[in-house]
Amino acid sequence: MSVRRPQFSTTERVIKAVPFPPTRRLTLKEVFENGKPKMDLLKNHLVKEGRVEEEVALKIINDGAAILKQEKTMIEVEAPITVCGDVHGQFFDLMKLFEVGGSPSNTRYLFLGDYVDRGYFSIECVLYLWSLKINHPKTLFLLRGNHECRHLTEYFTFKQECRIKYSEMVYDACMHTFDCLPLAALLNQQFLCVHGGMSPEITCLEDIRKLDRFSEPPAFGPVCDLLWSDPLEDYGSEKTLEHYTHNTVRGCSYFFSYPAVCEFLQNNSLLSIIRAHEAQDAGYRMYRKNQATGFPSLITIFSAPNYLDVYNNKAAVLKYENNVMNIRQFNCSPHPYWLPNFMDVFTWSLPFVGEKVTEMLVNILNICSDEEMNVTDEEGATTGRKEVIKNKIRAIGKMARVFTVLREESENVLTLKGLTPTGTLPLGVLSGGKQTIETAKQEAAEEREAIRGFTIAHRIRSFEEARGLDRINERMPPRKEASYHHDAGRMHSHSHPPHPQASRRTDHGKKAL
């Protein structure tokens, strides 16, 4: 018995029309009422890919910064509360998160950082979350992630996104407000909530309270560790006695061990550490239980489903109420498509157009036969038309081959862009032709410790495969010659001193963000 396969039309579009984003930007008078943003209006406008006037964006960001600046470096929050992990510019999934977790008007929220970069709707996430903070300053809380800084937002996508959608002034305002974000939260006097993890320089909660957070995070030290550190890959079954080892995946900070966490929890009378920072296939992970309490010593929560549109992971939020902890998972939502690195469709289509135009020119020049090109003039001298036309054909033919390479490699270029942290191709790749592109692709795959059997042309089908290819993006990017300055003019060193407690180790950490 034959199985009938569904028939698809080859002459009609599956989706016949796409709504055009609103062209008019919302004004200050429209967005604000009694000094607070109108959340329903803003949400509906942003979901349609609408934008606001620059003065509206600046007011939301600066008003949010004023509230965040008044909060302590380690805030104290009470249950019931919903704890959320990385968002990474996935605005349409953030809307799904609030559907799953509950309306912010009657639900308490704690976000653990990484609101921007990698996704293409980061500024929408900032504007919406900061508007919620203005409306609910005592029930919605925001912590800093490792991506809320100048160094990473310049290296990845957020700075470019701000320039394209708004201006560099909006980006600078975001950097100022990121400097105001708290670094940790003490939940119900039971849980320490941070973005990354622990630090050998932090042995008690008071060490966190004393930290100066109002600056660009340095490349090392306790602030860096709170934002960047990870649990060991073999957390809970370590083969080393070291509490902290150098984080070879990040290129900065540390891996921390199960004994280090248990010791910290015991010394500070805590149940567990709740953190984000690493993608999880199920959206969360409960680590080995603390033998003294029977409760998981460490919990990772991740709230960006189908991360980068290739991970195929679920997202999750953690709801804590009446001493009961529940995990709610959710899948990704449809979202508008952006070409990599915010490329416009004209730039993307140039190789295709160029190939066809050069083909047409070659065909026009080839109309002349050999006999026509050998015609002599009245004085009997052979014209130079034959050589001139042949030279033109050769030149245009060479150009045609370049466009053909570009056209054939368009999809591969997209793939290579996705595997490079800056979203740009290595210098000289295109001028070297197809073979150079193939070589660059293979080098990219090797550099990222791609899993065995992976080829660039084939589609990424699993969480582990995506994580292996994206490993290079887990590292702290190389720093520029100039150090970053914060508002008071202090400078931070861009070198990383040797870790006194770091042993030589090649553990590979999990996917991180």
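Note that Cβ sites are derived from N, Cα and C of the backbone, with glycine treated the same way.
Record check, Swiss-Prot: Zn(2+) site residues include D114, N146, H195, and the candidate from H45, H277 also listed there is H277.
Residue density at D86 (Fe cation binding site): 30 other Cβ atoms are found within 10 A of its Cβ, drawing on all protein chains shown. Put simply, D114 (Fe cation binding site) is 8 Å from H277 (Zn(2+) binding site) when counted between their Cα atoms. Taken residue by residue, the motif 'SAPNY motif' (303-307) breaks down under DSSP into 1 helix, 0 strand, 4 coil. Using a 10 Å Cα-Cα cut-off from H195 (Zn(2+) binding site), the binding-site residues that qualify among D86, H88, D114 are D86, D114. Other Cβ atoms within 10 Å of the Cβ of N146 (Zn(2+) binding site) number 27 in total over all chains. Cα of D114 (Fe cation binding site) to Cα of N146 (Zn(2+) binding site): a span of 7 Å. Rounded to a whole number, the distance between the Cα atoms of H88 (Fe cation binding site) and N146 (Zn(2+) binding site) is 11 Å.
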